[in-house]
Amino acid sequence: MLLTSKKPSPSFALFWRPFRIYWSGTLPARIGEWADFVILNWAVLQLSRSSLDLGVLNVCRLLPIFLFSWLGGVLADRLSRRQVLAASLLGMAGFTLVIAWLLREPSSLIWLFAAVFVRSIFMAMETTARNAYIADLVPIEALSSAISLHTAALHIGKIIGPAAAGWGLSSLGGVSLLIVYSTMLVIAAFAVLSLEESRPRRPAARPTDGSKGEAIRYIKRTPLVRGLLLLSIIPMTFGFAYSAVTPLLVDALANGDAGDFAVLLSVSSAGALLGTIWLSFRPVEAIGKWLIVSLLAFSLSLLLWIVLFEHWLLCLAAMALAGLTGQLYRTLCRLAIQLVVPDRLRGRVMSIALMDRGFIPLGTLLLTTLAEYVGAKIAGYAMGWLCLLCALAFWRRKELWNISTGGRIWND
């Protein structure tokens, strides 16, 4: 079993050696992930000068999360979560090298899109296995800390990664940076494999429609989970497409370059990191209230960001606010789901929850198509207003406002 020591404080995840090894081993991969995002988006924009091609790239990057997260959840419940996670990381590393080779010898974008799509299949399984595996690394008392620290690592990566990409694109080139990212993924895989196997679960069984039905029935009879899943679709479809819209705005409104794009993403992540730190040190019981309020604040901050885009310092401040409020929302949503779902279903239910990212391609495709015909700024306004209107539609959902930990663990 991973959790054998009784000496460390149970409330802080980094006191637990398995989580400490996992966190430090995978942090470089989180940095490389966001460097990769900047490299690919800027490369496609420079190669084709097409908003639609940028939209297709992000569809290929995110659609597999919607299509294959369920497979990752089933594997995480039926097999070793540690081995599923490590295998997924190695698959991502291999196809990152393929993408680097395709950028070194640029030809048709179709092959690049295909390689990104296949790599994202491994990424979908990695994301689900990773979120399910975190609960195996710490006791329940430290789960909130583990989720917050895991989220903090994602945003440390989102701060450093784009900045490193902005510098590296001009000095090393995108191909060299992708090779470094592939190496980081291999290091992360070996860090995971160095851990002991997690606490034993039921013997592996063949995935069946019945296993899927058990998770779906659980969601249907649990209003808390059902409400969280519905609420998560809103910002993912419209609001969180802002990362894909940002390079269009930088290019069209500010005459900027990859460095400006990277700065905006880094500032957004700095705000998100502040939100994560705030949640790490301040327990939140009224989760439902903060979910609704933070989602509305996120929508308004996106609109403010578009209004102020041509005023650089104010634009950066609005971007930081969007990162802060968006992360408050996302972390509370993930924390609530982790506490609600029993261990035997966590992988499958988390795979459904993580499908919310699969709605980003829909929003991205709609917004980039709109930008192609009416301009990037109008597409940006549409993003903010659609997110705000959808959030207001949930304002009167009493069961969401009533979600509260109340100091107890939700379970069946």
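Cβ coordinates come from backbone N, Cα and C, glycine included.
Over the domain 'Major facilitator superfamily (MFS) profile' (1-200) the predicted model carries a mean pLDDT of 82. Taken from TrEMBL, the feature domain 'Major facilitator superfamily (MFS) profile' covers 1-200.
The annotation transmembrane segment is assigned in TrEMBL to 56-76 (among others).
Here the transmembrane segment (83-103) has long-range neighbours at 29, 36, 40, 43, 72, 75-76, 111-112, 115-116, 118-119, 121-123, 125-126, 129-130, 133, 174-175, 178-179, 181-183, 185-186, 188-190, 192-193, meaning same-chain residues at least 6 beyond its ends whose C-beta is under 8 angstroms from one of its own. Per TrEMBL, transmembrane segment is recorded for 83-103 (among others).
Only residues 6 or more beyond the boundaries of the transmembrane segment (109-125), in the same chain, are considered here, and those with a CB under 8 A from a CB of the stretch are 40, 44, 47-48, 53, 56-57, 60-65, 67-69, 71-72, 75, 84, 88-89, 91-92, 95-96, 98-99, 102-103, 354. Annotation source TrEMBL lists transmembrane segment at 109-125 (among others).
Residues or ranges marked as transmembrane segment in TrEMBL: 137-160 (among others).
Feature annotation from TrEMBL assigns transmembrane segment to 172-193 (among others). Same-chain residues lying 6 or more positions outside the transmembrane segment (172-193) and placing a CB less than 8 Å from one of its CB atoms are 21-22, 24-26, 28-29, 31-33, 35-36, 39, 42-43, 82-83, 85-87, 89-90, 92-94, 96-97, 99-100, 103-104, 164-165.
Listed by sequence, the residues of this chain that lie at least six past the ends of the transmembrane segment (227-249) yet keep a Cβ under 8 A from its Cβ atoms are 37, 41-42, 45, 51, 54-55, 58, 219, 261, 264-265, 268, 291, 295, 298-299, 302, 305-306, 309, 322, 326, 329-330, 333, 336-337, 352-353, 356-360, 362-364, 367-368, 371, 376-377, 379-380, 383-384, 386-387, 390-391, 394, 397, 399-400, 403. Per TrEMBL, transmembrane segment is recorded for 227-249 (among others).
Same-chain residues lying 6+ beyond the ends of the transmembrane segment (261-279) with a Cβ under 8 Å from its Cβ atoms: 34, 37-38, 41-42, 148, 151-152, 155-160, 162-163, 165-166, 243, 246-247, 250, 315-316, 319-328, 331-332, 335. Residues or ranges marked as transmembrane segment by TrEMBL: 261-279 (among others).
Listed as Cβ neighbours of the transmembrane segment (286-305) (distance under 8 Å, sequence separation of 6 or more from its ends, same chain) are residues 228, 231, 234-235, 239, 242, 315, 318-319, 321-322, 325-326, 328-329, 332-333, 335-336, 380-381, 383-385, 387-388, 391-392, 394-395, 399-405. If you look up TrEMBL, you'll see 286-305 (among others) marked as transmembrane segment.
Residues or ranges marked as transmembrane segment by TrEMBL: 374-395 (among others).
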